[in-house]
């Protein structure tokens, strides 16, 4: 049976930790979409692991891992990340990771183009990670991209990459990019990549009877190309639909859809953020939560939990259970606000607006809850939480239409987790 872990907000919710927990009993862990723009941090045995394109299931020694068809793979980053994991003690990691031959190749060229496209946007920048994800997906949609399987074929990458570079040069003029160097490196990758590349259809068929398949979502619903705060989104489908499509999953095999919700809100980069706190509250959340992007190192924008957004996310992803993360970051607040509705021009909005400029204008309606002013870090049992912390969790459950909060994160370590059964 399949369990899917999805971000319910703007990303950085802490998906890696619940994935790590669930992967201990999983036989297969998969990434369905996105690329090395994603960032997951896991602390295990006092060692911090940073994941970008690789699935977090690599930490568990019995878990096989797949980078699926819906992803874009920057090959140098794939090997760099794999080497970093092995250097930290995951010696057999390279024996348990595979890539779909239908995944797209993200070139250094795409990163150069990403920067040029952002520069053209000037004051209306999307705020991308600069990793080339958008241009890579654009080339995929335009049917001129390169698939991972084609890297193994002699001469294919070189001819396609030269054509891509020529096209971008016609568009942007001279590029600060070494075409010959990238061509040379992919000659080497042709052999080096071969042990990792699989036919995903055959691979998934082989694992069709696997008792436990875990899908690790990247980014989050509000960054989805269709359902997110467009155009301030990533270039892939980050929700339930993207997971099914990117891994050719049988929908009837899905047992659990885990929505990961941070106990407050954060966002990296540009785009609307109705509950953002550009004040002492935001600074306190940023400082206490150490809110810096794993991929970019950028300071995350911080604000109160937004239940309008979370309900919208739930309506699209159909969560069966919630993992609430970083509850301990709210320990020192006298009172905690939660957004429960939006108004525009004095009228209550019935749904989450599609237009980014409308989201910038909404008036947020909050409910104020009392804080608990006591330490919850490291708590592992529900009864160990202060009464007001329990009430905060129960309030969120009600606002989510009764979707149960099964796991509550209370710190960075693997065992800093409450499981409510």
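Even glycines carry a Cβ here, placed using N, Cα and C.
Listed features, source Swiss-Prot:
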ACT_SITE  12  active site, proton acceptor
ACT_SITE  40  active site, proton donor
BINDING   11-17, 39-41, 300, 326-328, 409-411  GTP binding site
BINDING   12, 39  Mg(2+) binding site
BINDING   12, 13, 14, 15, 37, 38, 39, 40, 129, 143, 219, 234, 298  IMP binding site
BINDING   294, 295, 296, 297, 298, 299, 300  substrate binding site
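Feature map: Swiss-Prot annotations on the structure.
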residue : record              : DSSP (3 states)
14      : GTP binding site    : coil
39      : Mg(2+) binding site : coil
129     : IMP binding site    : coil
219     : IMP binding site    : coil
298     : IMP binding site    : coil
410     : GTP binding site    : coil
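Here the Cα atom of residue 129 (IMP binding site) is found 18 Å from that of residue 14 (GTP binding site).
Here the binding-site residues are 37, 129, and the one with the most other Cβ atoms within 10 Å of its Cβ is 37. Nearest Cα neighbour of residue 11 (GTP binding site) among the listed recorded positions (37, 40, 219, 299, 300): 219. Each of the binding-site residues 41, 219, 410 was scored by the number of other CB atoms within 10 A of its CB, and the lowest score belongs to 41. Put simply, 12 is the one of the recorded positions 12, 14, 17, 37, 41 whose Cα lies nearest to the Cα of residue 300 (substrate binding site). Residue with the densest Cβ environment among the recorded positions 17, 40, 298, 299, 300: 17, by other Cβ atoms within 10 Å.
Here the CA atom of residue 12 (active site, proton acceptor) lies 12 Å from the CA atom of residue 37 (IMP binding site). Most Cβ neighbours within 10 Å, among the binding-site residues 11, 14, 39: 11 holds that distinction in the structure as shown. Over all protein chains present, the Cβ of residue 327 (GTP binding site) has 25 other Cβ atoms lying within 10 Å.
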